[in-house]
Amino acid sequence: MNKQFHSCSPDPDDGEKLDIDYLSDEGPSTLIFEPSELIDFRVAWDWQKQRQKLLFEKPGSSQAVWLLEHSECYTLGRGATEDNLLFNLSNSPWDVYRIDRGGEVTHHMPGQLVVYLVLDLRRYKTDLNWYLRQLELVLLDTLKDLGIVGKRIDGITGVWINDFKVASIGVGCRRWITQHGLSINVDCDLRGFERIIPCGLTGSKVGKLSSLIPDLKTVDVKPFIKKSLTERFGL
């Protein structure tokens, strides 16, 4: 299959129509969206850029969090090397996006829960390292609530179960307003990771939660993610 490589702009195009449903300011200080269908990566990123733009222009606006699943794609961080792609970009199995987050290449697919957060860190702590560690704690809280012992590894962002990495984190931030977030492998097909060096970690093994809890689905994990986000970010 010959899929496209996309190098995407960090801002919506001038004159781009904003998605009104995802820009509503009515309700709580943080809006949480849980679309039930698979979301194309470009659509989800547009939602984040629109919300970030709104927070730039109206700093008191509501923050936003999305819990969703993507159709298959790969994403590369802003400084990621294409050497971690084990295929030719001209013959990619799925679409590939270079985006404005940190980190190397990762893979998204159905059965993986992705959480995007557009938060104003000035409401919390203007420290990106603190923010990354909070996202790791959200993942560890979630695993604990599921009866699973997870761990962090010093110097490497993410969460592991034994020797298997089950969750990745990659964020972008402009003027202390965040984009992107985290992903956790629940009941997904992991074979797409064989085409990349995940997160640039040579020899790293990738796992999923359903290997430990058969029949676990993303819908089962969402309540625990939301619980921890509420506790740690006051959503």
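Backbone N, Cα and C define each Cβ position, glycine as well.
So that you can see what the record holds, here are the features copied from Swiss-Prot:
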type     : residues                                                                                                       : note
ACT_SITE : Cys199                                                                                                         : active site, acyl-thioester intermediate
BINDING  : Arg101, Gly102, Gly103, Glu104, Val105, Thr106, His107, His108, Ser168, Ile169, Gly170, Gly181, Leu182, Ser183 : substrate binding site
DOMAIN   : 59-235                                                                                                         : domain 'BPL/LPL catalytic'
SITE     : Lys165                                                                                                         : site 'Lowers pKa of active site Cys'
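By neighbour count, meaning other C-beta atoms within 10 Å, the densest spot among the recorded positions Arg101, His107, Lys165 is His107. Residue density at Ser168 (substrate binding site): 24 other Cβ atoms are found within 10 A of its Cβ, drawing on all protein chains shown. Largest Cα-to-Cα span within the substrate-binding set Arg101, Gly102, Gly103, Glu104, Val105, Thr106, His107, His108, Ser168, Ile169, Gly170, Gly181, Leu182, Ser183: 16 Å.
A strand conformation is recorded for Leu182 (substrate binding site) in the three-state DSSP classification. A Cα-Cα distance of 10 Å separates Gly170 (substrate binding site) from Cys199 (active site, acyl-thioester intermediate). Local packing around the Cβ, expressed as the count of other Cβ atoms within 10 angstroms, is greatest for Gly170 among the binding-site residues Gly103, Gly170.
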